[in-house]
Amino acid sequence: MQMNTMTTGGLDNGDAAPQTFGSIRLEVGEAKAEMKQSILFERVSARLKAQVGPDVYASWFARLKLHSVSKSVVRLSVPTTFLKSWINNRYLDLITGLFQAEDPEILKIEVLVRTATRHGTKALDEAVAPEPAAPTQMRRPTSAQPAGQAVQQAVSAVAAARPASFGSPLFGSPLDSRFTFDTFVEGSSNRVALAAAKTIAEAGQGAVRFNPLFIHSTVGLGKTHLLQAVANAAVQNPRALRVVYLTAEYFMWRFATAIRDNDALTLKDSLRNIDLLIIDDMQFLQGKMIQHEFCHLLNMLLDSAKQVVVAADRAPWELESLDPRVRSRLQGGVAIEFDAPDYEMRLEILKRRLAVARLEDPSLDIPAELLQHVARNVTASGRELEGAFNQLVFRRSFEPNLSIERVDELLAHLVGSGEPRRVRIEDIQRIVARHYNVSRQELVSNRRTRVIVKPRQIAMYLSKTLTPRSFPEIGRRFGGRDHTTVLHAVRKIEELISGDTKLSHEVELLKRLINE
Ligand SMILES: Nc1ncnc2c1ncn2[C@@H]1O[C@H](COP(=O)(O)OP(=O)(O)OP(=O)(O)O)[C@@H](O)[C@H]1O
């Protein structure tokens, strides 16, 4: 383990081998610290495996190593950049929670890439995900179904998840067998997207509906879960759909490797004949050549009536780093935004998590009041709920009588901790657009009619005054405008507010709505 290097590093002052009594004592102390760190890592690894299941663990964490532990920072290492960003994007909160549960002094987890000791090809090959475990066929819940029944169904679904007996994606990023329609909780914030996703998963070849379907939301609201549910269901479709699920990062990596190995044609061929392409985390698609390839693929699939589903953390017209041709094709379909889950949904997500956790540990019991309390207070996203739930489960194993006050203490970092909420430009745009009865898309468009220009300038002014974003960045988020346009808007609104009480009240009201 690289840890050894780390511990001797502290003594590396050019001295000969330690001979004095003081150095020996230091060595014993170090050995003890090293052992403690190894135990910590072993314990967290075991919990992580229990949380994510052996398949996901084997895919992503089998090569995770402890690099070093300082008082508050744990550094882990993986062999490839791909794994690093995958773990950072998907699992960092979970891993941080698990370390903190072992040692509350730990504040931060960093994932590093180990220096390659093997040759390039081998190291890159290691990043190829193993064959995904596809789920078995599952029944579908209906919105009219009683909650208990839905939980039971979700439990059966997870219990039944096994490596594929039939149907799996042609290739691509691994699917998590827990991410199915059955385990996805429906609510007002995601109902439309869920209906569209189910329609696509059930459709036959060539029966294209909303193309491309573009789902966007801020982090942790269930985009990946829904996309993987589409993939998991589509591979079971009796019409034998050819399905590919990829994260944008995986797509980039596959193309980069294929181009390096002069094998791009084979890769393109294998993508040509698919029925359903699902791309997650579109905001990460970068690089001129890769975007060019992606644009080709997208055009080819859309033009031949093949279904494409995409998810990103922002709307297609806000993906500034994308090639305008890709952006424009993505805008040609249907974009649906998820909002944050409401209380009922949050509670249902927690109940389902509990039911699933009970499969592993039937003695696990979390009182309903605790679940309700968490659902009321952890409001931001499904991912935070998951973090809160993991903390609860972990704590209850050695504090069986957790009080609500203790839960608040444990979850202080997830519950509104008194810090002001971070305002996002998307929220400002949404609230201003709604207030002035225009669409968010119009706000970032090129249209220059009065009804759009004023709300746009107000939204820019609010973006500058309520967020730490720079003029150029705000310009980019408003349809790629120049920073001088934003500067002009901010000055203009400042000037107008000082002489127009009605407008000044309007802006105050908008600020209150945004900060709510
Ligand atoms: N409606 C839901 N029903 C059940 N679980 C949900 C729901 N929404 C979110 N979750 C859970 O919350 C966690 C985070 O969800 P997911 O990773 O799908 O979010 P995301 O929107 O893709 O986030 P990111 O933008 O960071 O990729 C997952 O464990 C997911 O199962």
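Each residue, glycine too, has its Cβ placed from N, Cα and C.
Listed in TrEMBL for this protein:
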REGION    1-134  region 'Domain I, interacts with DnaA modulators'
DOMAIN    209-337  domain 'AAA+ ATPase'
BINDING   Gly220, Gly222, Lys223, Thr224  ATP binding site
REGION    397-516  region 'Domain IV, binds dsDNA'
DOMAIN    424-493  domain 'Chromosomal replication initiator DnaA C-terminal'
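A map of TrEMBL features onto the structure.
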| residue | record | contacts (Cβ under 8 Å, 6+ apart) |
| --- | --- | --- |
| Gly220 | ATP binding site | Ala380, Ser381, Gly382, Arg383, Glu384 |
| Gly222 | ATP binding site | Phe184, Asn190, Phe338, Pro341, Gly382 |
| Lys223 | ATP binding site | Ile215, His216, Ser217, Asp280, Ala311, Ala312, Phe338 |
| Thr224 | ATP binding site | Arg90, Phe179, Asp280, Asp281, Ala311 |
Checklist entry - Under the DSSP assignment, what numbers of helix, strand and coil residues are found in the region 'Domain IV, binds dsDNA' (397-516)? => result 78 helix, 0 strand, 42 coil
Checklist entry - Using DSSP and three states only, what is Gly220 (ATP binding site)? => result coil
Checklist entry - Which are the residues of the chain, Gly220, Gly222, Lys223, Thr224 excluded, whose CB is within 8 A of where the CB atoms of the ATP site average out, their centroid? => result Ser217, Val219, Leu221, His225, Leu226, Ala311, Phe338, Ser381, Gly382, Arg383
